[in-house]
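According to TrEMBL, the features are:
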TRANSMEM  238-260  transmembrane segment
TRANSMEM  304-328  transmembrane segment
TRANSMEM  334-359  transmembrane segment
TRANSMEM  371-394  transmembrane segment
TRANSMEM  400-430  transmembrane segment
TRANSMEM  461-484  transmembrane segment
TRANSMEM  490-518  transmembrane segment
TRANSMEM  530-549  transmembrane segment
TRANSMEM  561-590  transmembrane segment
Amino acid sequence: ASIFLPSLSPNQCFSLCFQSAIELFVNRLDSVESVLPYEYAAFDFCQLEKENRPSENLGQVLFGERIEPSPYKFHFKKEEQCKPVCIKNYDLSKEQDKSKLMFLKNGMSLNYQHHWIIDNMPVTWCYDVEDGQKFCNPGFPIGCYVTKDGHPKDACVISSSFNQKDTYYIFNHVDITIHFHSEGNEVGARLVAAKLEPRSIRGFDVAMYAFTDCTSNVYRVCVWDYILESMPHTNIQWFSIMNSLVIVLFLSGMVAMIMLRTLHKDIARYNQMDSTEEAQEEFGWKLVHGDVFRPPRKGMLLSVFLGSGAQILIMTFVTLFFACLGFLSPANRGALMTCAVVLWVLLGTPAGYVAARFYKSFGGEKWKTNVLLTSFLCPGIVFADFFIMNLILWGEGSSAAIPFGTLVAILSMWFGISVPLTFIGAYFGFKKHVMEHPVRINQIPRQIPEQSFYTKPLPGIVMGGILPFGCIFIQLFFILNSIWSHQMYYMFGFLFLVFIILVITCSEATILLCYFHLCAEDYHWQWRSFLTSGFTAIYFSIYAVHYFFTKLQITGTASTILYFGYTMIMALIFFLFTGTIGFFACFWFVTKIYSVVKVD
C-alpha cells in the first residue's frame, strides 16, 4: 500500500496478468432517485444457471454490495461480435411476466445503474459532458425512458434515435473494450482500462455483447487513474481546505489573544493581591473558583456521552489514518466500513474507562448503571434505528437489507466483545483515584448573577457550532454525494486534514465561549462545553435536509424514510464526536487556568 496525498489518486491497484479467460462480475444496481439498491438477480437479466458467488466482507454486506459471476465470457486476444447471451420473451397474459416487465420499466424510469467489474475494477461508461471533457461513470443505465410529451430522460439524451413518445428503451447490447499494456519480457498483459458502450437493439427479446481488446501505449501506475481524473474536484477541495484554515487562524488568533494578553494579565493581577479586601473587589473568572469544578447536573448521562464520544473519536482518527496510508482505498471494497466497525468493537475499553473516570469525578457511585449505559445506550439507539431501516429494506426486497446471519454476527461482536471490553475499561477507571482538581469546591453553591443575552446558555451553544460546521460543509457535500449519489470518494488525504481542522476548531470555539461565560461568573461549563461543539450536529442535520430537497431526486416514501433514518444515525454519531472534543478542550482549559492562579 502506498501513501495517499490529498491531491493524488489511490495508488493501491490490482493488476492481473491476462493469459486466457477474462471473468466479468456484476454488482448491485442502484439509482440516484431511490435509496433502494437491488441485486442483479432482482431484474430479469441474463444469469448463470449455477453461480459460485465470491465471499463478501462485513463492509460490503453493510453497504449492500452483492457481487456475483455474469454470463458474459471473454478470452484474451479473442474478439467477439454480436454474441447472444440469452433470449427473453414475455407473455403479457401471465401475471409473472407482467410483473417482471413492470419492475424493469420502473428501474428504467428511476435510472437504475449496472455496476460491472473486471479485475476488481469497475467497467466504465465514458461519454462527453458539456465542457468538452470526457466523464467516465463507473456504472451504466439499464435503459431509459422518453416521456409522453416526447422529453428524453437520463441516458435517452445520448442519441436522437430515442424519439418515440412514452417508450422504454432497454440497453440489451453492450460493446465492451479492454485496454491492456504488455512489456516485451512479460507473459500476458496488464489491465489498463475497461470500458463499455450500451446500446438498445431490437427491443426486449435478445441480449448481446461485443468484445474487443486493444493494446495501450500508456502504462498507468494505477489503473483507476482514468476514472478518478474525470472527477474535477481537486480545486474545490483545496478551496475547502483554505476556507477551513482561515477559520482556524481566526480562532487561533482569538485564543492566543486571550491566553497571552487578557488571561495572562488576569493571572498576574490575581497573584499580586495581598489582602482579602482586594480579592473581594475583583470580579471575573477567579470569583467562581470554588464552584467551577462542582459536579454537573445529570453527570451520569454526560459521562456516558463522553465515553461513547471518546470511542467514536479514536475510531475516526485511526480509520482515516489507515485510509491515508492507502489500506482503505476504493480498490479494497468494503474495507473502510469493515475497519470502522471492527475498531468500534475493539475500542470498548477506552469508552468504559473515560465514562467511569469522569463519572467518579462527578461524585457518582452507581458504577453498574454507568457501565451498562455506556455499553448499551448510544449503541442501542443506533442499532434500533438501523434495525427499523433494515425492516423497511427487507420489505422492499432490497439488496441493502442485512441478512439475518450478519445481524447475528454484529450482535455477537457487540455483546461478546465490545460489552466485556467496556466493563474492563470501567473497572480500571473506577479503580483509579478521583481526579484531583487544582482548587477546592465550596460547600454552598455560588449564586449566578443575571446574564446578558449573549452569555446565556442557548445563544452561546447556537453560535458555537457555526464555525466548526463552516470548516466541513464543503467536504460534507462530497461525502453525502458518495453515499446518496453513488459517486466514488477517494480523497482521504483531504478528509484527514479536515478532521484535524474540525478538532482544532471545535476546541478553540468552545474554549473562547467557556472563557466568556466564566468571566460572566457562570460556572456551569460542563454540559455547555459539550453542547456548544455538539451543536455542529444540528447544523449537519439542517444541511442534510437542504441537500435532500435541493440536490437529490429521491422519490418514494420508503426511500425518504431511509434517507432521514440513516441521517439520524449520522447526526447522533457526529453529536457525540464533536461534543466530546469540546468537553475535553474546555476541561483542559479550565484545569490549566485555575492551576496557575493563587487561591486562598
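In case you wondered, yes, glycine gets a Cβ from its N, Cα and C as well.
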For the transmembrane segment (400-430), sequence-distant contacts whose Cβ falls under 8 Å of one of its Cβ atoms, 6 or more beyond its ends: 28, 35-37, 58, 61-64, 307, 341, 344-357, 360, 367, 370-371, 374-376, 379, 383, 387, 390, 393-394
Feature contact check the transmembrane segment (461-484) with the transmembrane segment (530-549), CB under 8 Å, 3 or more pairs: yes
Stretch among 238-260, 334-359, 461-484, 561-590 sharing the most Cβ pairs under 8 Å with the transmembrane segment (490-518): 238-260
Contact call for the transmembrane segment (304-328) and the transmembrane segment (561-590): at least 3 Cβ pairs under 8 Å, seq gap 6+: yes
Stretch among 371-394, 461-484, 561-590 sharing the most Cβ pairs under 8 Å with the transmembrane segment (238-260): 461-484
